[in-house]
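Among the features that TrEMBL reports, domain 'ABC transmembrane type-1' is placed at A:90-291, A:386-585. Summarising the annotation, TrEMBL assigns transmembrane segment to A:7-26, A:94-116, A:128-149, A:161-183, A:226-252, A:272-294, A:330-350, A:390-411, A:423-445, A:451-475, A:510-529, A:564-585.
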Amino acid sequence: MARRDGWALWIGVAATLATLVVVFYYPVGRVFADAVAVDGRLTLAPLRAVLGDPFYTGAAHTLFIDPAAVPSGIARWLAAGAPPVEFGLFGFTAYQALLSTLVSVLVGLPGAYVLARFEFPGRRFLRSVTIIPFVLPSILVAVGFLAMFGRTGLFNDLLGIVGLGPVELTFTLEIVVLAHAFYNAPLVTRLVTAAWESVDADRVETARTLGASPLRAFRDVILPQLLPALATAAVLTFVFTFMSFPIVLALGGLELATVEVWLFARVQSLDLTEAATLGAIETALSLGLLYVYLRYEARRTEPGGASRGLSRRPLVDGIRSLVDPLRVAIFAYSAVALVLFAGPLVSLVIESITTPAGQLTLDYYAFLLARQASTAAGTVRPFPAVVNSLLFGVGTLLLSIPMGVVVAVVATRGDRGSRAAEALLTAPLAVSGIVLGLGMLQALVFGTTLFGYRLTVTGPVAIVAAHAVAAYPFVSRSVTPALRSIDDRLGEAARSLGADRTRVLTDVELPLVAPALVAGAAFAFAISVGEFDSTVLLSTGVDSATMPVALERYVGDRSLGPNLGPATAMGTVLLAVTTVSFVLIDRVGGRWE
Amino acid sequence: MTGADGGVDVENLTVTFGDVEALVDVSLSIDDGEFFTLVGPSGCGKTTLLRTVAGLETPTAGRVRIDGRDATDEPPEDRGVGVVFQNYALFPHMTARENVAYGLQFHDLPEPDDQRVGELLDLVDLAGVADREPDQLSGGQQQRIALARALAPKPDVLLLDEPLSALDASLRKRLRVQIRSIQRDLDITTVYVTHDQAEALAISDRVAVVRDGRIEQVGTPEDVYREPATRFVAEFVGDNNVFDGVVTEAGDRIAVDGTATLPLPNGTDLTAGASATVSVRPEAISIRDRERAQTDGDGSAVDGPGGTAVTRSATVETVEYLGDAYRVHCQWDDRPVTVKTDSTSPPEGTVTLGFEPDAVHVLSNGKPDTGAGGGR
């Protein structure tokens with residue numbers, strides 16, 4: 001049927017590719033170009049400067065400046081009794097990503113077990129809300145973690161009640177890793193739960209009738225289906241936390257800087273070549289990891305469609321079940337999950353209306369209003385930030401929905417289409433917001449000379465473009481399965497009844513993908529409202545500051561004393577706007593999953 | 001046989017998918033108002049042929065004429081065809097009524113749309129469930145709504161692609177009677193695709209047997225059943241016993257292998273020494289217990305001249321009870337022979353098989369019936 005698609009799809013594809021080239025591939029390409037060229041001449045000097053610097057690569061730097069000395073260096077290290085080695089900024093970044101992945105898997109796996117194997121009221125709801133952390137603005141979560149686990153936070157209050165504490169978690173690796181788990185453990189839970197639910201009960205029962213014990217059946221039948229999902233979740237978590245920015249910036253500071261934070265600091269001090277080099281190395285690493293992973297995933301075969309899922313046990317089955325060790329463990333896990341996931345958000349709201357001494361106060365919201373009324377230069381005012389966020393969100397929708405739909409349509413066209421679409425959708429995941437922001441700064445904001453004209457894209461347009469690049473994969477990932485599940489016969493039936501290709505789209509295909517499209521739109525909007533990384537680089541001055549950018553400014557604001565008041569107040573506003581928009585978009589269209 | 005008004009003509013149609021030839025140089029002429037069935041095993045190309053008539057596949061070569069005009073390059077929406085798909089393809093986001101009404105917005109009918117929808121819902125006896133969504137309808141109801149939807153815009157041709165295959169056996173039989181009676185009432189040219197040869201025989205004016213992208217035989221159900229043109233048709237349509245052999249010196253018998261021979265029917269014109277293939281329907285063979293057969297001598301090979309019964313000794317292997325008859329699988333020497341008998345108890349042991357020489361049908365030695373296009 002390809003020949004009947006007509007020109008509309010091809011125009012859409014061309015427009016989408018052109019947009020991606022201008023706002024994604026060209027800017028990111030510029031970052032790479034800046035890393036290997038100085039004054040227009042190819043050179044490895046910037047790469048060698050970074051990789052050969054012990055600050056960045058630690059003990060591994062010899063590998064890049066004097067490879068011949070590596071064997072003797074290793075020999076000396078072994079002779080010294082193999083003392084601990086440092087691998088510099090890259091080493092630390094990978095280390096914290098590894099820790100974060102480990103903790104995310106540890107926190108996420110029991111959740112998958114409970115959701116997949118037990119029945120209880122609210123299970124479906126809980127399964128749905130595991131997507132929420134993913135769309136929460138990261139800077140908001142960082143402030144929530146400060147409010148929860150800070151010296152005067154809720155966590156220490158709770159510890160105080162049972163006579164423990166206080167513990168100081170601010171600016172520690174632990175809080176950074178916990179915040180990363182907040183984001184990525186739900187990802188582990190979602191992916192593994194889905195895999196677990198797709199296990200065919202017939203296969204497990206076949207194994208049992210052939211003589212396998214329950215444990216053996218788990219190992220032989222269920223586990224092989226869970227491992228690929230777990231691998232997917234772990235790789236994605238590693239890539240995400242390797243490139244993590246606002247969490248580390250707000251919770252770790254420069255003490256615990258990762259490549260991304262350092263890159264940001266380089267841009268701020270206008271050391272753009274070093275920033276570009278860092279960005280290029282970082283992007284190459286994460287792209288490489290995703291590529292290896294996708295190759296692996298392409299080779300594994302999908303299990304056939306499950307005819308019947310495993311049956312669930314009731315979580316609470318009479319009073320006696322409450323003392324069953326397994327149940328006790330599950331309840332303990334639930335308590336930990338509650339502290340980790342609900343704690344930061346609840347603390348955020350509580351801290352915004354209480355003083356450090358515990359009295360109710362509205363001072364922090366009054367502070368926001370005062371900022372609004374302030375005429376001092378350089379003041380980020382809250383109200384324009386809200387308006388900016390909403391406007392950019394709408395702009396992001398206008399750009400990312402058509403792009404996402406076009407890519408989804410391409411993805412449903414057989415093997416070649418789906419592989420091309422997969423590449424298009426995965427690339428933005430591997431490029432951090434900071435690198436994209438840097439590229440857009442270099443290529444679009446500072447301008448590019450083309451055919452003798454100086455082309456510049458600035459301010460809001462550049463921000464919306466960066467948001468759209470981050471958001472359109474979510475539209476595609478939501479729409480593609482819906483589009484794929486539409487039976488070709490429906491379109492053919494409509495054609496035989498007299499509808500032309502366009503009417504098939506409007507009468508049959510669009511109504512059937514509408515719920516998925518709305519869900520994708522809700523995500524795109526939430527991504528835009530919460531985006532911090534590229535926005536903080538691209539929002540020049542205070543005019544195009546968004547809510548997350550304003551929030552970050554208020555974190556350091558000490559005008560009301562050493563507390564998080566202004567930040568938590570702004571965070572609560574951001575939380576409210578994000579939630580209301582998400583729910584609003586969702587209600588208009590129906591369901592999200 | 002071209003350009004029949006109101007009918008469908010397919011001329012030298014070839015359809016390829018990549019390297020696969022789904023249809024090879026197929027020609028057919030379907031008359032106005034005819035119920036024409038394409039029957040064949042799965043993957044034979046019958047559905048591709050139907051979809052090409054509908055405009056849902058593009059032929060590599062050849063023409064499709066609908067109602068006398070060349071429709072080969074027309075998009076499906078301009079062809080005036082109604083299609084019912086195997087899985088019904090009802091629009092899941094519309095009610096039954098909205099499904100039936102959908103095509104009317106693209107066609108100008110003399111009567112108001114509401115009235116037309118009402119007529120069709122009555123036609124398929126489903127006015128009562130008109131406002132339900134497809135997933136609230138049973139399989140049979142969905143199938144009838146799909147039929148009503150296809151018929152609503154008054155198409156010139158109705159195309160049905162295995163419309164009953166997802167239903168259970170008894171419902172399938174009832175619905176095929178209903179489809180046939182609606183087709184007769186509307187006098188609409190209909191092309192019906194099925195893999196079920198019994199269904200094809202039961203409802204068609206004419207049948208085309210399709211195999212490997214080619215037409216093996218076209219004819220009335222009686223023709224195809226009684227006078228199969230090829231070995232494939234003989235074995236695919238109904239049960240059959242097929243024997244290969246060589247025509248004897250006298251030219252009136254066929255030596256099946258070595259010593260065993262079968263008589264050829266009167267009027268057969270085959271040269272001695274030519275290889276030939278013959279078939280005998282199971283219901284044309286009688287089966288008697290060994291004891292009673294004794295009266296015919298030893299019962300091993302008694303062929304009466306001109307019209308007298310032929311008898312052969314055989315042993316019963318397995319028996320299937322069909323309700324109104326038994327299907328008996330015997331061994332005649334080492335050759336399997338199937339017999340259908342309406343006797344009241346299952347035969348067993350050694351038996352005598354008997355049949356008239358005229359029950360032997362000569363097949364065209366396995367070659368496809370290339371001149372099938374106009375066979376009526």
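Using the three backbone atoms N, Cα and C, a Cβ is placed for every residue, glycine included.
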The transmembrane segment (A:330-350) and the transmembrane segment (A:7-26) contact flag, 3+ Cβ pairs under 8 angstroms:
no
Hey, which bits of the same chain come close to the transmembrane segment (A:272-294), Cβ under 8 Å, at least six residues off its ends?
28, 30-32, 34-36, 38, 46-47, 49-51, 56, 90, 231-232, 235, 238-239, 242-243, 259-260, 262-263, 266, 422, 426-427, 429-432, 434-435, 438-439, 442
With Cβ-Cβ distances below 8 Å as the criterion, list the same-chain residues six or more beyond the ends of the transmembrane segment (A:94-116) that contact it, or say none.
87, 123, 126-127, 130, 173, 176-178, 180-181, 183-190, 192-193, 196-197, 230, 233-234, 237-238, 241-242, 244, 248, 256, 258, 310, 312, 315, 330, 333-334, 336-337, 340
Sequence-remote partners of the transmembrane segment (A:128-149) [C-beta within less than 8 Å, at least six residues beyond its ends]:
111, 115, 155-156, 169-170, 175, 178-179, 182-183, 186-187, 189-190, 193, 244-247, 249-251, 339, 341, 343-348, 350-351, 523, 526-527, 529-532, 547-548, 551-552, 555, 564, 567-568, 571, 574-575, 578, 582, 592-593
Restricting to the same chain and to residues at least six past its boundaries, which positions have a Cβ under 8 Å from a Cβ of the transmembrane segment (A:226-252)?
93-94, 96-98, 100-101, 104-105, 108-109, 138-139, 141-143, 145-146, 170-173, 175-176, 179-180, 183-184, 187-188, 190-192, 194-196, 258-261, 264, 282, 285-286, 289-290, 293, 296-297, 300, 429-430, 432-434, 532-533, 548, 552, 555
Sequence-remote partners of the transmembrane segment (A:7-26) [C-beta within less than 8 Å, at least six residues beyond its ends]:
399, 402-403, 405-407, 409-410, 424, 427-428, 431, 436, 439-440, 443-444, 448, 457, 462, 465-466, 468-469, 502
